[in-house]
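Swiss-Prot has this to say about the protein:
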type: DNA_BIND; residues: 41-110; note: DNA-binding region
type: COMPBIAS; residues: 10-27; note: compositional bias 'Basic and acidic residues'
type: COMPBIAS; residues: 76-87; note: compositional bias 'Basic and acidic residues'
type: COMPBIAS; residues: 124-133; note: compositional bias 'Acidic residues'
type: COMPBIAS; residues: 141-157; note: compositional bias 'Acidic residues'
type: MOD_RES; residues: 149; note: phosphoserine
type: REGION; residues: 1-45; note: region 'Disordered'
type: REGION; residues: 59-87; note: region 'Disordered'
type: REGION; residues: 109-157; note: region 'Disordered'
C-alpha cells in the first residue's frame, strides 16, 4: 500500500512541474537579436587601446614566453596608470584623430543606409503603382466598352 507524499516531496514535484512548463513555452515578445552589419565601420579605439597596440609589441619582445592575455593587460594597465598626462598626450591625440575618421565614416554609412532604405520601398511602391495603373487602364477600357454596348442595347429598346 502506498502512502501519501510528504509535504517536501510534494513541493519538489510541484517545482519540477513548474520548471518543465516554463521550459516548453517560448518567451512572448522577445525576438531574435538583429545581426550585425558587416559593412558598418568599427568603433574608434580609446587612447588606452591605442597605447595597448604599441605596448603589446614591446611586451612580446621582452617576454616572448609569456602568452597570457591577462598578463599583458595587467602590465599595460599598470604602465598606463603610471604615465603622466604629457606621456599620454600622443595616444590621446591619435585616438581623437581616429574618432574623427570614425565619425565621418559612420555618417557616410548612415547616410548611405538611410538612402538605400528609402529607395528600396520607393521602388516597390512604383512597381505597385505601375501594376495598378496598367490594370486600371485595361479595366477602364473594358468597362467603357461594356457600358457602351449596354447603352446601345438600352437605346434599341
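Glycine residues also receive a Cβ, built from the backbone N, Cα and C atoms like all the rest.
According to DSSP, the region 'Disordered' (59-87) comprises 21 helix, 0 strand, 8 coil.
When averaged over the DNA-binding region (41-110), pLDDT in the model lands at 94.
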